[in-house]
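Taken from Swiss-Prot as is:
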CROSSLNK  LYS37  SUMO2 cross-link
MOD_RES   LYS23  N6-acetyllysine
MOD_RES   LYS28  N6-acetyllysine
MOD_RES   LYS37  N6-acetyllysine
MOD_RES   LYS54  N6-acetyllysine
MOD_RES   LYS57  N6-acetyllysine
REGION    60-71  region 'Ancestral calcium site'
Amino acid sequence: MPSQMEHAMETMMFTFHKFAGDKGYLTKEDLRVLMEKEFPGFLENQKDPLAVDKIMKDLDQCRDGKVGFQSFFSLIAGLTIACNDYFVVHMKQKGK
């Protein structure tokens, strides 16, 4: 039986390939749909209507309109770090 961490890794890989399809990368539209489905609260809370465009620009380092798994994982890592920072602050406030 896989551990929770192994399951999390599998979920990230599966999610990327579900939205990337056979081409093996995400286009801006793929990324937008992925963000809407997998992180609906994130996009809803963005004040900037160009949030997906800016994320795509940050992730598409080759400027070819494609986001590979490594760049996708960087996005997930960044979001996780931001959520952890919020969680730590919230837990400290709760402990007071």
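Each residue, glycine too, has its Cβ placed from N, Cα and C.
Of all the modified residues listed (LYS28, LYS54, LYS57), LYS28 sits in the most crowded Cβ setting, with the most other Cβ atoms within 10 Å. Sequence-distant contacts of LYS23 (N6-acetyllysine), defined by Cβ-Cβ distance under 8 angstroms and a gap of at least six in the same chain, do not exist.
Residues of the same chain lying 6 or more positions beyond the ends of the region 'Ancestral calcium site' (60-71) and with a Cβ under 8 Å from any Cβ of it are 13, 16, 20, 24-28, 30-31. Under DSSP, the residues of the region 'Ancestral calcium site' (60-71) split into helix, strand and coil as follows: 3 helix, 1 strand, 8 coil. Looking at the region 'Ancestral calcium site' (60-71) alone, the prediction's average pLDDT is 94.
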